[in-house]
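Take a look at the structure below.
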């Protein structure tokens with residue numbers, strides 16, 4: 001229990017850091033005086049890089065350093081990163097020095113984000129996994145304390161952080177929390193349950209590519225009997241399929257060398273099972289294309305939506321509500337939608353498990369894309385209404401007398417979209433790729449979403465040029481953000497068509513391979 005509590009403080013510190021970073025757009029527009037589109041570009045690059053780095057860090061954890069040292073590295077990165085942010089926001093620096101330190105700080109923090117995201121959950125579960133204490137009161141108490149602490153820090157970060165006026169103090173608080181969390185975490189370094197890193201399953205995929213490339217000059221094998229398989233060591237043997245034949249060369253036995261000599265070099269001869277595992281990974285990749293447009297929609301929550309909220313009336317009676325409450329609603333919707341997805345998946349598998357295995361269609365993904373269409377269209381309607389208020393009352397830079405709660409539906413939809421999309425992709429990948437590679441594929445999808453988030457920069461630039469600069473001007477009140485949301489609505493509709501096209505081709509390929517495997521049996 002003590003080990004668990006020392007680890008869970010990292011989660012509490014991460015909550016404070018997360019809410020602080022969510023408000024980064026307002027720091028860039030209000031303090032650094034950037035144009036709102038430029039500020040959104042900075043936030044998008046930061047979020048995109050933080051997402052793309054997950055895959056590389058997972059490989060590093062599995063192959064070399066393990067989860068404990070990754071948590072140490074990420075905590076140091078958070079501490080130094082927020083420390084640099086606090087210094088850059090203080091009156092000590094100005095001009096290019098301030099900007100340079102600010103961007104260095106974001107780079108360092110991004111290392112902390114993907115390191116913490118990868119290792120914290122797994123390492124925390126490792127401290128709770130003990131066969132002797134399964135269901136024990138100590139484990140229950142640890143679970144309650146962890147969740148209550150997360151809830152308390154969530155409310156404190158959402159309500160208290162926005163009330164702090166100096167931004168350098170607002171950035172210094174997460175830095176202090178990370179330092180304190182690091183000291184508490186390291187105090188139990190000898191008592192933690194750790195797994196020694198052995199090798200990354202991603203190495204198998206790399207070996208297949210290298211082995212097939214080394215035999216490019218060889219002709220395709222006539223039949224599967226010329227392919228190597230080690231039947232005595234693995235009960236889970238994958239039968240050979242005819243698709244992606246270029247990879248079959250990796251398992252091809254050369255007649256010019258003795259088999260025993262070829263088996264010694266695993267980078268030149270792979271098993272059929274390893275080749276088929278790699279094929280299953282490649283077949284799943286085309287569906288990731290839908291994540292690009294979804295990533296653009298995900299990027300709106302802490303950029304354009306937040307800038308809208310910053311220019312609207314946030315009072316509720318005599319209370320001035322903090323803007324991060326919108327994030328709380330979004331997160332509640334995300335967690336709720338994830339639970340619904342899990343229950344729906346269990347129910348569908350329970351009713352007809354064979355049918356679920358044969359179709360392998362991630363139904364949650366088109367649902368999330370349809371919800372994305374509704375989210376963007378609702379956002380367009382709300383922004384159009386907000387701009388009418390601006391026009392009627394002649395307001396340019398003042399707060400608009402329109403309640404921030406008008407943005408609540410689009411924030412709730414955005415949270416629901418994120419939860420359904422993430423969970424549906426994870427469930428889909430668990431069924432279609434080998435268990436040891438499913439986590440890498442999930443992180444690859446996160447990276448593609450990160451590319452999509454950064455693609456928002458290019459889309460804004462293209463739309464701005466096509467509109468002659470009328471849609472994106474100096475401030476959001478002079479711009480026509482509602483038109484941009486309508487563009488995203490159309491893109492979401494196109495994304496739905498793209499999804500059905502990709503899944504149709506994948507289903508045909510999967511059924512063909514399934515028929516071949518049945519014939520082999």
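From the backbone N, Cα and C atoms, a Cβ is placed for every residue, glycine too.
These features come from TrEMBL:
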type: TRANSMEM; residues: 7-28; note: transmembrane segment
type: TRANSMEM; residues: 40-61; note: transmembrane segment
type: TRANSMEM; residues: 68-89; note: transmembrane segment
type: TRANSMEM; residues: 101-119; note: transmembrane segment
type: TRANSMEM; residues: 140-161; note: transmembrane segment
type: TRANSMEM; residues: 167-189; note: transmembrane segment
type: TRANSMEM; residues: 281-301; note: transmembrane segment
type: TRANSMEM; residues: 402-421; note: transmembrane segment
type: TRANSMEM; residues: 442-463; note: transmembrane segment
type: TRANSMEM; residues: 483-502; note: transmembrane segment
| message | Within this structure, do the transmembrane segment (68-89) and the transmembrane segment (281-301) have 3 or more Cβ pairs under 8 angstroms, counting pairs 6 or more apart in sequence? | response | no
| message | Counting a contact as 3 or more Cβ pairs under 8 Å, with residues at least 6 apart in sequence, do the transmembrane segment (167-189) and the transmembrane segment (40-61) touch? | response | no
| said: Using Cβ atoms and a strict cutoff of less than 8 Å, what residues sit near the transmembrane segment (402-421) while being 6 or more residues removed from its termini? | reply: 294, 297-298, 300-301, 305, 308-309, 312-314, 316, 321, 323, 326-327, 329-338, 340-341, 364-365, 367-368, 371-372, 374-375, 378-379, 382, 385-386, 389
| message | Against the transmembrane segment (442-463), which of these stretches has the most C-beta pairs under 8 Å: 68-89, 101-119, 483-502? | response | 483-502
| note | Per the Cβ under 8 Å criterion, with at least 6 residues separating them from its ends, the transmembrane segment (68-89) contacts 7, 10, 13-14, 17, 20, 27, 31, 57, 60-61, 98-99, 101-102, 104-109, 111-116, 118-120, 123, 166-172, 174-175, 178-179, 181-182, 185-186, 189, 192, 194
